[in-house]
Every structure is written in structure tokens, then in C-alpha cells.
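Structure first, commentary second.
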Amino acid sequence: MEGKVIGISGSVVTVAGLKNPKMNNIVFIGEKSLVGEIVKIEKDNAIVQVYEDTSGLRVGETAIDSNEPLSVELGPGLIGSIFDGIQRPLDKILAKEGTFIGSGVKVDSLDREKKWHFKPKMEVGKEVSAGEELGEVKETSLIKHRILVPVNKHGVIKSIAEEGEYTLNDTIAVLENENKKEEIKLMTKWPVRTPRPVKEKLAPNIPLLTGQRVIDTMFPIAMGGTAAVPGPFGSGKTVIQHQLAKWSDADVIVYVGCGERGNEMTEILSTFPELKDPKSGKPLMDRTILIANTSNMPVAAREASIYTGITLAEYYRDMGYSVAVMADSTSRWAEALRELSGRLEEMPGEEGYPAYLGRRVGEFYERAGRAKLLSGKIGATTLVGAVSPPGGDISEPVSQNTLRVTRVFWALDASLANARHFPSINWLNSYSLYKDELDSWYKKNIAEDWPKLRDKALATLQKEAEINEIVQLVGYDALPEADKLILDIARILREDYLQQNAFDDIDTYASMSKQYKILKLINQVFDSEEEALKRNVLIQKIQEIPIKQKISRLRYTNEDEIDDKIKEIELDLEQIKELNGEK
Ligand SMILES: Nc1ncnc2c1ncn2[C@@H]1O[C@H](COP(=O)(O)OP(=O)(O)OP(=O)(O)O)[C@@H](O)[C@H]1O
Ligand SMILES: [Mg+2]
């Protein structure tokens, strides 16, 4: 039955006359058929949050209940796409509307005309259950799109399509289950606010490698893990997320640009399509989905965008992939939530955010994980959320609620950013709760002494901070030689290891083997200087050996030249061994 608009407050619209309105159902509002979602039911009225600009909408216009929750379309064609927060393809909207995204523009999320090459992998007569692979479509040069038996469906295969070209709506298989026939197509749908089911969650004991030294070495994230990147304005949150999108070893990347300035998104939209995947040399967009809801787009769609993103990620996880989701920034998402809550006249909690902010943040990160899938295969969804606390003060609600649930904390620091120390991840207060769980992986796959080297480096950096406080009191010259040594090594660690220039062709990415070799070398320097101190050699004397400049060039050294350069430096270390002090 048709309803009528009886009240409009910005993006929140009150509708009367719907028959049995249900929470989260999609309602089409007014002449333009704007997309909205029922977020509250008051007596018989439905309160609808509209995902499009409501200007021009008038009381008295009609509203139609779709009787379906807010859902995304799932099927070949997702990868390489650029969507808005409710999965409308931005490029197609732009083509239809010129430069401006108008309201009520109806375009399918996925192309209905395009034909995909389907290859069956099952035979007639086989009994299949949810999650099993019926066949595959080569979606891009990097991704094989596995066509699975949809969640909640099972049965005996009555027919399955031959290898050939099919559109998303063509039936590629028919299942029979207690005389009921079910047609399977290349495309399915899923409600964004409902997590897709898995068999069981697995321990996060494999790292998601990122090629970023401060992350992989000091504060690693697990595949299927969660990380928060809080930082003040301009501290490098977006650059870190871009780096992870470009270099992390996930199979699929979902990048959600949520409420950030239009130009940050333009930067992605213009740079990503030109980037190459470092492992394969293929276009990066062949493994990437972009969701853009910039600050100039409707606020309600921004609230939906992170759910759209995570649902698309779960869909690829279910094919057995490792998927990483970047959300930049979850603060803008929370602000959208606050604005909508205000319009709903809900009782405000801390700083005007709704009282359920913490629960929503928790539910979002809860969707991360490495998991045994319905099919028995393994897949993972890793979630990395940027947080932009006003003034950089993380005592505010969004940061606090995020830190309660995420297990990695990369604390970006304004003073480091001002000093051009990038990534500005503060090594003194950042942490990774996965570190211990990942140690056995690092020992087995990188080197037995990896955890030891890392812990020693972290301890050195911590000692540096303590010594620096003493320096303030007594001055550098009064320090014991052993402390001067710590300062020396810590400086190398900071400047030549933790710092990493995202915009340098070589430094932008460091393989694990490169990271290990440099870390080990710095440790060797530490050891030989310590030995020299025991022979009463002064730090000043050691500093005359031109080793530091060479170390500082290592990060700009190509992976295949690194061994030679390290050998050279090891020869220089011999010179330190020959130094002798006075008794
Ligand atoms: N790893 C890096 N290497 C080199 N430069 C960097 C790096 N990270 C950040 N920067 C510099 O810092 C600038 C700001 O970074 P970025 O835009 O990521 O900050 P942000 O925290 O996202 O800011 P905002 O709060 O405005 O969104 C970049 O334009 C770049 O010049
Ligand atoms: Mg940013």
C-alpha cells in the first residue's frame, strides 16, 4: 500500500499509511522515488532516513514500501567499480547526470547487459550446499569470481549451464530441494546490515603484510584483524590507508572514502586507475572496489557506506579471498550517525553522539575476521579505520569506542608529522595486540630471531625517550657513553627504518626480507659499538667511521642490490672492531 509523506526534516522523512512498516526496509519517497530506509517506527508512522537530497520534496507526496532491507547487488562487475554509499555506480550516474549527482537517479549497481564467461565446476546430480562453488567467472586479470551456492540455499543440481557467455540475470544452475526448484544466477543480493555467515572464526595468526616497515616490523596487523588509525588533521591517515590499499598482500581491496573532502577522493579516483599491482604488474583496480561518499554528498548515504563496503568485502571473503577494507574516516561516519540521531530527536549521549555509538562501532569491527567459510575454505576480512578526532585529542567518544574494539593502534602524531617524520606512527604509544600471536609465523617464515630483533629495537627506542629526558636536565655531554650509544642507534632506527617515504619509488614498499636485512644490520651495528665501548672506545671515535650515511641509503636501495650494500657496510663494521680505546 502507498503511504504519504507527512513530515520532512532534512534527510529524515515521516511517512504515514504504510502497511506494517518494518525496520530497515527500503522505501521510495515522492515523485522522484528517492531511496530511504526505515530507521524508526512511531505508532503507525515510519521514520525514513533518505539517502538522497530531499530538497524539493513536499508533504503529501507518495511513499512506496519495497518490503526489502537496504541491500547490495553481488556478482561479477564489482571489482574495478566506483560506487557511492548505497552502491550506485558513480561513473554511470555522472554519465547520466553530467557533473552533478542528482536525486532519484535510478541506475543498476551492476551492468545487466554485459556478458561474462562462466565456466561450470559441478555436474548435474550432485548435492550441493550453501557456499559451494558452482563455477567461476574470470572477473579481472587478478580475480576469479567464484559463483557460489547462495547462503540459505542447497539441493541437488538439476541443470548447470555450459561454459559460455552469460548476463547477470541468466540462470546458470537449477537446484532441486524437496521438489522445490531454485534458479541460481550470476548475481545475488544481500542486506548490508546483516553480516554474511561463516562456519567459524579462526585465530588471527597470519600477518597482513603491508610493505610498511613500522607496521610490519613494530605494530603488525593480522590477516582478518582490526586496526584504528587515529590522528589529527594532516598527520597522514589517508596516506597510510592508500599505502595499504596499494601494497598490502590482500587479494581484494575495498576502499571506503567516507565523508572526506572531495579532493581526497578525486586523488584516489585519478591515481588508483593508473596504479599497477606490485606483485602482478596488472592494474591495481583489477583487485579494488572504491566507495566514495565525500563531504558534499548526502549524509545518510555516508552512514550506509561502511556497511556497503564491508558487505562487498564479505562477499569476496566467502570466495576464499583475503580482503582488506579501508574506511577513511570513521569519524565522518559517526558524525553522520550523530546528525541523523539528532533529527530523530533521540536522547543524545556523550558529545551529542547517540548512546548506541559504541555498539555500532563494535558491530562494524566485529565483522572482521579470518574464518572457516560455509564451503570449508578459509577467507579473511581485515578492517582498517581512520579516526579523525577534533584537535587530535583521542579522549573523544569515536576514538575511545574504536580503541575498545580494535586490536591494533597506529597512533599518528602531529609533532612527528610537523617534523616530517612519516609515517607519523608514534612508536611509544602505538601497539599491536596481535604481535605475540604472529611471532611464530614471523619466526617460521622470516627468521628465528625476528621477534628478538624487533623487541630490542623497540626497547632501544623506549630507552631513547627516557634518556632524552635526562639530556634535558644535564645536557648531552654529561651522558654516559652507553646512553650516547642508545641515542645513536635509536636515531638510525627512527630515521632510516621507521621513516618511510610513500612518494619515493623504492622506499614506498619494503619486502619482509629487506626489512629483516636492514633490521639485522642495525642490530649488528649496535653489537659492535657495544663491544667497542667495552674496549673503552669513545662514541665520538666510532662516529668517525662513515657507516651511518651508508645505512641511511639502504631504504632507497633496490631489493636486488641490498645484499651487496649490506656486505659493504659489514666490512666497515670490521673497522669498528679494530678500534681500541685507552685503558
Ligand atoms: N608516508 C609518507 N611519506 C611522505 N609523506 C607523507 C607520508 N604520510 C603523510 N605524508 C604527508 O602528509 C600529508 C598529509 O597526509 P594525509 O592527507 O594522509 O593526512 P590526513 O591525516 O589524512 O589528513 P586529514 O585530516 O586532512 O584527512 C601528505 O600530503 C604528505 O605530504
Ligand atoms: Mg585524510
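Keep in mind that glycine also has a Cβ here, set from the backbone N, Cα and C atoms.
From a predicted model like this one, the values you see are computed outputs, not experimental measurements.
The annotation domain 'ATPase F1/V1/A1 complex alpha/beta subunit N-terminal' is assigned in TrEMBL to 5-65. Taken as a whole, the domain 'ATPase F1/V1/A1 complex alpha/beta subunit N-terminal' (5-65) shows an average pLDDT of 92 in this prediction.
Annotation comment: TrEMBL describes 107-193 as domain 'ATPsynthase alpha/beta subunit barrel-sandwich'.
According to TrEMBL, the feature domain 'ATPase F1/V1/A1 complex alpha/beta subunit nucleotide-binding' maps to 211-432.
Listed in sequence order, the residues of the same chain lying 6 or more apart from PHE233 (ATP binding site) and placing their CB within less than 8 Å of its CB are SER388, GLY392. In this structure, PHE233 (ATP binding site) belongs to neither helix nor strand by DSSP; it is coil. According to TrEMBL, the feature ATP binding site maps to GLY231, PRO232, PHE233, GLY234, SER235, GLY236, LYS237, THR238.
The domain 'ATP synthase A/B type C-terminal' annotation in TrEMBL covers 440-541.
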Near the ATP site, what residues other than GLY231, PRO232, PHE233, GLY234, SER235, GLY236, LYS237, THR238 in the same chain have a C-beta no further than 8 Å from the centroid of the listed C-beta atoms? SER388, LEU412, ALA414, ALA417, SER424
Filter the binding-site residues PRO232, PHE233, GLY236 down to those with CB closer than 6 A to an atom of ligand 2; keep them in sequence order. none
Residues near PRO232 (ATP binding site) by Cβ (under 8 Å) yet at least 6 apart in sequence within the same chain, in sequence order, are SER388, PRO389, GLY391, GLY392, LEU412, ALA414, ALA417
Among PRO232, PHE233, SER235, LYS237, THR238, the binding-site residues whose C-beta sits under 6 Å from ligand 1: PHE233, SER235, LYS237, THR238
Among the binding-site residues listed here, GLY231, GLY234, GLY236, whose Cβ has the fewest other Cβ atoms inside 10 Å? GLY234
